[in-house]
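Heads up: the structure comes next, in structure tokens.
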Amino acid sequence: MSKGECPMRTANVAGGGTKIKDWWPNELPVSVLRQHDPRQNPLTSDFNYAEEFKKLDYNALKKDLTALMTDSQDWWPADFGHYGGLFVRMAWHSAGTYRVTDGRGGGGDGQQRFAPLNAWPDNVSLDKARRLLWPIKQKYGNKISWADLMLLTGNVALESMGCETFGFAGGRPDTFQSDESIYWGGEDTWLGNDVRYSNGNKGVSGEGVVDGDQHKMDHKDIHSRDLEQPVAAAHMGLIYVNPEGPDGVPDPIAAARDIRTTFHRMAMNDEETAALIIGGHSFGKTHGAAPSENTGPDPNSEDLSTQGFGWINKHGSGKGPDTITSGLEVTWTGTPTKWSNKYLEYLYKYEWELEKSPAGANQWVAKTEDHIIPDAYDANKKHKPRMLTTDMSMRMDPGFEKITRRWLDHPQELHDAFIRAWFKLLHRDMGPRSRWVGPEIPKEVLLWEDPVPEVDHALVEESDISALKKQILEAGIEPSKLIRTAWASAASYRGSDKRGGANGARIRLAPQKDWEVNNPKELAEVLKALEGVQSKFNGSASGGKKISLADLIVLAGTAAVEKAAGVSVPFTPGRTDATEEQTDAKSFEHLEPATDPFRNYGKSSDRARTEQLDLDKASLLRLTAPELTVLVGGMRALNANWDSSSHGIFTKRPGQLTNDFFVNLLDINTEWKAADSSKLPELYEGFDRKSGQKKWTGTRHDLVYGSHPELRAIAEVYAQPDNSDKFVKDFVKAWDKVMSNDRFDLKAKSS
């Protein structure tokens, strides 16, 4: 059967046909909470990647990667006889999808292998880069993940071209499916930005779309638009910005605006941004030998016979000098396989004028007769210097110009800035150092790592823990407040980039101490009481034992849950307290939740309903649908609403860990009606069907568990009397999971 002959919609097997999403486009996608099912992983459940990595002959692997750089293959020959530029781009485009807003993207899961990233126009030809690596991946097997290998290869590529790097940490276990929790944008055409910008443009339809195709479209204002959150790319299918300029318009000043927006959302400042662009563009070349009409479909749209390759090129040989990747044809320096300062030397030495690439894309050529740029395949050919519109931004934008002129005269400063920014690019989503493995971890600890101090004292033992629980409960603080505080501390965790969590006790620092959801006045009261308990214990404990406030906050919540449930709740000490100097307060602002379903906080935005935001929060906490459900029900029973309101507290015995929330929500004798939306937005009232008496009030956070079929099915399990003990057991297990999400020092495997 030929490609395109049998669309999935018409297939009558294997999940084909009209789907639930086709009938109900707004259906809550609970399936995103099933993504991390271990059954999707072909490796055994006890596989420990961090331990496997430690068995790796790291130096031998790097030696093999270095040899690969100059082992040009006939089926995909290396530019200038060196694959360095290709592999730098592969690593950059793997890590560069990270965005600080929600911590998603990045290279930590090796997602470049899967849709949609493997088919993005910005990733044309990276299918070949990964295939070149397969023999090495096959050789070293489970000791090196694809996620680590793609990034390490970029590091080795730099080193092989004379650019000393800052270091490298392994420890990224592979995933084996596309991450469908990520919002990459709402556009339905490649290079489109008509959703992410209110005045954006439709993209390009058809097969074989490449970066340099947007100049073919009509354009709107590119100077004053605002990029929607949480995306960090100016176009669908690009990592950052359009190399031709915004929407294909070759305007370096407007391009600088887009560059700042996208790189800042990747947690890079202006200096780091400039260093990455200059450093990355010091190597290799772009490819635009002919118009994109010569290229075939992306890998996901191709025939089985191509075996994962896409963008088959009909121009000439389809490779080497005939390659079409971006549609632009630029080699930045005269030393494309060697680190140098020639990028900046050329940028400022020459004046530049617009030209069209052989593919018709906008690019810049030096106003000179100097032919000093080597040809990638013909040693007898030389070319004029050329640049991209985004390169022109490094000179023409006043802010970037100030930075880059300094580096022109001080190249060592550029090198230091580049290798630090490159290291940050590759490791920003790795989380704490307790996840890092390998012999090249730098000794210098960087602020963006969100460091916490090492444990430098003896930890509390069981007898101490019991005594501390007693002191906490006798300190005069309501148990519900202790539970809310512990939850607030731990639930800041993001499984996407492994930031946040209880370790560090940053809930006592700005900005977390001032977040509305954390009820600052109540939080200050609880922290003051716990600091008193801490001071008393640390001042009198024997054997050098101490307890951190981070541990005490979690222990306080644990003690309160135990009191409410009458069961034992796990607790493992070992957290430490971060200082203000170890905390980038501005960076932590991105962790503030839009909603918290567990504390009944927040409401719909103009783009997402409350329950969709709740699902996103649960996904970041790496919860399953049953865990989400049992935690919400338990927190309501424990009277843990952020503002102490009664909404969703469907029980006559608040403060006891019961399944009353589910029993009363699903009571068939209760009729729910929306309250007056002008006074009480997103509030619902539950009335007795016979008497008409109002019994309860609830929010969308609450009622979704009776409305959504899958969530209701789970809620019904917990509403049954024969599952009341199961409810308590499951709540305690899920509670402990959230409290320990960031305890990578305890986990059997890094995940």
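Note: Cβ is positioned from N, Cα and C throughout, glycine not excepted.
Here's what Swiss-Prot has on this protein:
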- HIS93: active site, proton acceptor (ACT_SITE)
- HIS281: heme b binding site (BINDING)
- ARG89: site 'Transition state stabilizer' (SITE)
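The 10 Å shell around the Cβ of ARG89 (site 'Transition state stabilizer') contains 25 further Cβ atoms across the protein chains shown. Ranked by how many other Cβ atoms sit within 10 Å of their Cβ, the recorded positions HIS93, HIS281 place HIS93 at the bottom. Taking the C-alpha positions, the distance from HIS93 (active site, proton acceptor) to HIS281 (heme b binding site) comes to 13 Å. Spacing of HIS281 (heme b binding site) relative to ARG89 (site 'Transition state stabilizer') is 9 Å (Cα to Cα, whole number). According to its DSSP assignment, HIS281 (heme b binding site) is coil.
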